C-alpha cells in the first residue's frame, strides 16, 4: 500500500498546479454538499429505538412539559392591589417590548372570560356532571331547597353586585352551573388559588402568578438570550417602581441558557488557552509556524467529506453526533503527528511511507471499526456519530498520508534539534523499576475497584444549575406547594377521540387514588374534555335523570316561589329550556374556542397521533405505589424524568457494554488480518484491556462515575489507546527485525498526541460546567493510563517475549512453544528440514511470508546441498539474501562455520537480527573479502554482481564449490582444475584437491 502513496507523492510533486486545483475542487464539492445537510437538533435522538421508545420520542417531541416561564409577583404582607397593579404593568410592558417572543400570557381572566366560561359550562352542563353531582342536584330540587335558593337569588339581585349576577341568576335560578364549574378546578395544579381583580392569586393574597408561553423553543439560544435579558430588564425596572412588591421568574429555558452560556464560556476560555500552548509547543518542536495548520487540514477536510457522504445517503445528521464527533476527531491529529515526527527524523520519503503507511492505516481502520460498532446501539444520534466518526477517521488518515509530506517535505533543510520531548521520548520507561511496579500495582488495584464504577442516570448531575435559578425554582415550588415529585401521565392514540378515551380511564383511576391517598395536587381535563363515547353516556344520564322526575311540577314550584319576590313568569325561561334541551356532542374545537380554558396545555394533535396530558404532584405519596395503578393501561405512558433517565439511559449503558464486546472482537479480527499472527494481535490488544482495568480502577477508587457524555467519550480514549498500542507494536517489531531501536521516534509522536489531547479535552477540567468536567476527568485518566501501559507494560512485554530472547539466541514467544519459553530452552524436532527452527527466525517479521515461500520451494535442494557439507567445514554462501539457507545449514550442520554474504543492507540487517545469528559458527557479512577464510563456496541462483571477485577468491582458496545458478557458465571452474562430482536436480558440485 505504501507504493500507492509514494507514487501519488511523486506525481503531485511534479504536477503541483493540477494537484492544488484538484484539492480545491474536492474541498469545494464536499463543502457545498455538507452545507446542504439538515441538522437534527432533537435531543431525543439519544433515546434508544424500540416500540415504547419510539412512542416516548413522539410524545416528547409533541408535548410541552417545561417551556412555560412562570412569573411570581410577591409581597411580604397582604397587598393584592399592588400585586395586580404590578401584573398589569408587567403584561403591558411585555406586549409592548417583546411581541415577537410571546405566544400568550396566562393568569388574567377578564370579566367577559368569566361569563364565557360560565355560559359554556351551563350550555353543556351534562358533560360536566358525575354521579355525585346528580345527588347534589337531587337535594336542590326539594321544595325547601328551591324556596331557599330563590330567596338567595332575590337578595343577590337587589345587592350592589346585582348588575353583574342577575344574568347568571335568570339563566340558572337553582345554581346548577357552579356544580359543573367545579370540574374546571382540575385544570389547575392545586387549589391554593383564588381570583382577585381577574388575576390568579394565592389564598393568602401575597403571591400572584403569571404564565408566559414563549414562541421560541429552548434550543434557540441566541434569541432566547435576548428574550430573557429583556424580561429581566422589565422585571428589574418594575421592582424599582413598586417598593413593597418584587417580581421574579423561572422556566426550563433559564437552565437551558445557563448551560449553553456556561459551556460556551468554558470552551472559549479552556480551548483558547489550550490552543495557544499547543501552537507554541508544535512550532517549538517542529520549528515551523505553519505546522499546526498542516495538522488540522486532513481532519477538517475529512469531517466535511463525512458530512457530505451522509447528506448523499441520508440527507440529515444529528447535531449531537456532529458536536460529539468534533471532539472525537481530535484523534485524527495523531496521524499527522506520527507522520510529521517520522519525517522530521528521517528525510527519505520512500522510507517514510514504508514505515508509517501500515501503522497509520491500521490505526484508522481499527478506530473506525470501533466507531462503527456504535451502529449496534439502538440510538439514532449515536448511529450518526458512529458513521460520521468512522468515515472521518479513515479519510483523515488517507489525506494525512497524502498531504502532509507534500505540504511539509521540501521545506526541511536544517537538521532537527533535540528538544525536551526528544529527550523524554528517548527514555526506556519500562526499565525504570519504580514506574514499572507502580503501573503493575495500579493494575492489581484496578482488578479490585473496576467493578465499582457506576453509571449515573441523573442528567441533573451533569447540568449547570446556578444558585439564583435554583432559588427561583424553589420559591415557585413553595408557592405552588409542589415540592413533591411531579409526574406526567400521557394518554395517546391515533386520533384525539382515542386519546380522550384512554385519558378517561386514567382520570377515573386518578380520582379513586386521590380519594384514598390524597395527592398533593393534579391537573387533568378528564372531567372536562370527554370522548364521544363518554359524552353520549353523559347525555343519556341527563335524560334519564329528568325523565324520572316531574319537570312540570318543578317549573310550577319555581314560578310560585319566584312570584313572591316579584319575578315575572318568563324570567327563567332559559332554565326551563335547559331541562328539555337536545344536547349534541362537543367537538374539540368547541372547547378550544373557549378562550380561557387553555386546553392546548393538555392536548397535542398531529398527523395520526394525539396526546392528552395529566400532571400530578405526588407530595408524600411513593412514586412506585402511584405508578402501579396504571401498569395495565396500554396507551398511556408515565413521563418521570428520573425513571426515563434510569430506564433509557440504563439501556444505553447496556448497549455500551455490548459495544465494548463488539469493538474488541472487530478490532481483534482486523489486527489478525493485518499482522496475520495470533500472538502479535493479542499483544497489541492486551494493553487496551490493561488500560481499561487501570482507568476503571482509578475511577472506581475515587468515585468518578460514567454518564451519558463521558461514556461516549470513552470511545475516543479506546481509539487513542489503540493507536498508541499499534504504534508501539510496530516500533518493537521493527527493532526485532532490524536490531535498530526507533522507539524514540514512535514515543515522540505519542507524547505529542498525549500533550495535545490533555491540552484540548484535558483543559476542560478547569471548566465550571459539570458535564465538561466529567468528560475531562475520564479523558485524562484514560489517556494517561493508555500511554503508561504502552510505554511501560507493552514495551516490556515485547522485550521479554521477543527482543531479549533474540539477543540470547532464543526463539520468540509462541503459544505452541510455551514450555520452551518458560524453561528458556530450545525444543525443536530433529527432522530433516528444521522447518520450525528456520522459520521461527523470521516469525513476527514482515519478511516471514517471503522466508516461508523460499524455504518451502527450496527445502529439498537445501537438504541435498547439506549432504555435501562435512562436519567442521567453513562454508561461504554468496548472496545469501535474508539468510534462510545459511540458517538452515547452521541447524543441520551446527559444527560447520557458515558465513552469508549479501550486498543489500536491508537483507543483511534482517539476517543479522535472526536469533540463530548469535550462534558462534554463523555469520553474515557485507565484505566479500571474508570469503578468503573458507574453502567451501555456495553460489545461488542470483544476479552475480561481484562475479570476477568471486572467481579470484574461489580460484585462490576454493576446494569445493556448490553451484545452484542455472545459467552460470562454469567453464572457469573446470579451467581452475575443479572436477564435477555431482550433477542432478539443478545442483552442480565441483571439487579439487
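Cβ coordinates are placed from backbone N, Cα and C, and glycine is handled just like the others.
Looking at 682-702, 808-828, 829-849, the range tied to transmembrane segment in TrEMBL is 682-702. For the domain 'Membrane transport protein MMPL' (193-407), the model's average pLDDT works out to 79. In summary, the transmembrane segment (267-286) lies against the transmembrane segment (745-767): three or more C-beta pairs, each 6 or more positions apart in sequence, are under 8 Å. Sequence-distant residue pairs (6 or more apart) of the transmembrane segment (682-702) and the transmembrane segment (779-803) include at least 3 whose Cβ atoms are under 8 Å, placing the two stretches in contact. Long-range contacts of the transmembrane segment (708-733) within the same chain: residues 46, 324, 327-328, 330-331, 334, 338, 358-359, 362-363, 366-367, 370-371, 374, 382, 385, 389, 393, 455, 459, 462, 649, 652-653, 656, 659, 663, 667, 675, 680, 683-685, 687-688, 691, 695, 741-743, 745-747, 749-750, 753, 757, 761, 771, 774-775, 777-779, 782-783, 785-787, 789-791, 794-795, 798-799, 802-803, 844-846, each at least 6 residues beyond the stretch ends and with a Cβ under 8 Å from a Cβ of the stretch. Sequence-remote contacts of a segment are chain residues at least 6 beyond its ends whose Cβ falls under 8 Å from one of its Cβ atoms, and for the transmembrane segment (874-892) they are 828, 832-834, 837-838, 841-842, 847, 850-851, 854-855, 858-859, 862-863, 865-866, 898-904, 907, 910-912, 914, 916-917, 919, 921-922, 924, 928, 930-931, 933-940, 942-944, 946, 950.
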